[in-house]
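Novice: First, the structure itself, so that you have it in front of you.
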Amino acid sequence: MSKLDNQERDDLVFSAKLAEQAERYDEMVSYMKKVAEMGASLGTDERNLLSVAYKNVVGARRASWRVLSSIEQREHEKGSVEKEKKIREYKQKVEEELRDICSDILDVLKNHLVPAADGVEAKVFYLKMAGDYHRYLAEFLSGDDHKAAAKEAADSYQQAMDTADTDMAAMPSTNPIRLGLALNFSVFYYEILNEPQKACALAKQAFDDAVADLDTLSEDSYKDATLIMQLLRDNLTLWTSDAEGADDAPTMDEDGTAIEDA
């Protein structure tokens, strides 16, 4: 990479950091997408900036979609046909935005980031991201489109798990990226595939393995790793309560998206 390219890259990363501080995430996405498309592998900070940018942009739409779905259900129960139709049209607009965002990052991952991944950790990070964005598509798609998105998500998550298993030295059980992968893969089993037993088994295995290896946890990773471990345990508590039909089950909407790429 030439000195000019390096300067452009530094300028884009600085602009992305400014956009993050200003909470202008659409612009942050634009800056980091350009960095990703420059060809060279991303450093850890750059990788995290890209993840934060897309996560905030897609997260806002996912939240909007959930709110609209809830209102749509309410109006449906009231028999408000005209209102329900209007809500559905508005929801479709949000779905189009979600589809565009997910397709955008999935294209960047497939054509730039995964091929240029420098090391096992980076590759697992990107494959996990691919699983996440296919999962977000599966959340609102239906029919064959839903099945296709779910299959792509499952394949990406499994490939990430297999890649992590090839180098336990680089990706020990306490590695935050590995834990985040287990967290999100288990959520995929629970929410998308409706397989609570597999979800619980995966989350429990990841949690137990990490607990057994806590003494090997580096100081740098301690906060992120223990935070994700807590989310794994919270999900296990919730899912177990759901399975038992407990009335006092905790109310949660936690799929790790706040810290999955820590």
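In case you wondered, yes, glycine gets a Cβ from its N, Cα and C as well.
Per TrEMBL, the features are:
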DOMAIN    9-254  domain '14-3-3'
SITE      R62  site 'Interaction with phosphoserine on interacting protein'
SITE      R135  site 'Interaction with phosphoserine on interacting protein'
REGION    243-262  region 'Disordered'
COMPBIAS  244-262  compositional bias 'Acidic residues'
Novice: Distance check, please: Cα of R62 (site 'Interaction with phosphoserine on interacting protein') against Cα of R135 (site 'Interaction with phosphoserine on interacting protein'), rounded to an integer number of angstrom.
Specialist: 12
Novice: When you measure from the Cβ of R62 (site 'Interaction with phosphoserine on interacting protein'), how many other Cβ atoms are you left with inside 10 Å?
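Specialist: Around the Cβ of R62 (site 'Interaction with phosphoserine on interacting protein'), 18 other Cβ atoms lie within 10 Å.
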